[in-house]
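Here is what Swiss-Prot records for this protein:
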type	residues	note
DOMAIN	65-373	domain 'IF rod'
MOD_RES	THR7	phosphothreonine
MOD_RES	ARG12	omega-N-methylarginine
MOD_RES	SER13	phosphoserine
MOD_RES	ARG26	citrulline
MOD_RES	ARG32	citrulline
MOD_RES	SER34	phosphoserine
MOD_RES	THR146	phosphothreonine
MOD_RES	ARG266	citrulline
MOD_RES	SER319	phosphoserine
MOD_RES	THR379	phosphothreonine
MOD_RES	ARG402	citrulline
MOD_RES	ARG412	citrulline
REGION	1-68	region 'Head'
REGION	211-226	region 'Linker 12'
REGION	227-248	region 'Coil 2A'
REGION	249-252	region 'Linker 2'
REGION	253-373	region 'Coil 2B'
Amino acid sequence: MERRRVTSATRRSYVSSSEMVVGGRRLGPGTRLSLARMPPPLPARVDFSLAGALNSGFKETRASERAEMMELNDRFASYIEKVRFLEQQNKALAAELNQLRAKEPTKLADVYQAELRELRLRLDQLTANSARLEVERDNLAQDLGTLRQKLQDETNQRLEAENNLAAYRQEADEATLARLDLERKIESLEEEIRFLRKIHEEEVRELQEQLAQQQVHVEMDVAKPDLTAALREIRTQYEAVASSNMHEAEEWYRSKFADLNDAAARNAELLRQAKHEANDYRRQLQALTCDLESLRGTNESLERQMREQEERHAREAASYQEALARLEEEGQSLKDEMARHLQEYQDLLNVKLALDIEIATYRKLLEGEENRITIPVQTFSNLQIRETSLDTKSVSEGHLKRNIVVKTVEMRDGEVIKESKQEHKDVM
């Protein structure tokens, strides 16, 4: 934002002559004649953010003032020439008048003398009025240009302030959107963590505890800068200063043209006020610069926090993926080992079943052979025969149910005196 202070210092030119008459007054040697004008009110705001632009504007202002000063000096030199010419004519007329006075006065000479005095007085008045009107015209033209420039500067400043406000609002909206995006990412990651934890909470309880310890709650507290109030306050101050300056300008234009000594004192007071306003504007500029730096720091902090959150969530997601892959590998290895143990157990049961069948077959064969062989009855008096029968059934879902029946027969003298049956169940 560039604002230029256009100041017009009091312009003076000094003339020293032997004698001249201005406005009916005779000025002696060493008399100082100065022309001055009131400076226009200063702009309400100055921006020193761009030193280069300020220096160039200051140089242009100084150059324009120097050119105006030279033009005024040239114009005043022409006025001096006219005054000298009039002085010479005055001297000539005075010499002629002295010559006429040396002669015998007549009525015609008195008439000429009175008319001459009247003409001189009118000439002095016209000359003074002409010079005053020309100076006033130049001052009014320059003041009009200054007011137009000031109006343009005020319009540019207002547009720039509105653009800055829109930019600040856009930055605030972007920061809010970034914060909401981060919150949504955090919620999605937390839901994914809860889902993974719920799936594996029964099988891997120890991993669930580790995940619970590693859970990170992120809370972000973003300070929302109150830009609207600050800009409203600045605009209020700006409008107040602009209104005050406009009021002072109107009062100055309605007031009469003051004499040169009062103008010098007034210019000194205005210069002091200008310096004071420049200091105020410097302080305002520093405050706005601090606010801008604060907003930039807040933006950088938000971006840094966003990057840290993304990196941390990426690391956590990678660790969760690795843990999930490791658990899947462990589960697969456990399933493989369980299947291998089941297969070994099934093989052992099959071997045991085959052995039991062979034992039962041998016993039946042995009992048949014993029944065919003739043996004295006394030898079988205490004989106990144990008969074992095997009943196998297939059960659904891959389980094998086996019933083993042990039958005991007690015979004496070829007669069965006692018989018992015992059943054993085995499931595999």
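Numbering starts at 1 and runs along the chain as it is shown here.
Positions of Cβ are set from backbone N, Cα and C atoms, glycine also.
On the backbone, the CA of SER319 (phosphoserine) and the CA of THR146 (phosphothreonine) stand 71 Å apart.
Predicted-model confidence for the region 'Head' (1-68) is 48, expressed as mean pLDDT. Comparing local CB density within 10 A for the modified residues THR146, SER319, the maximum falls on THR146.
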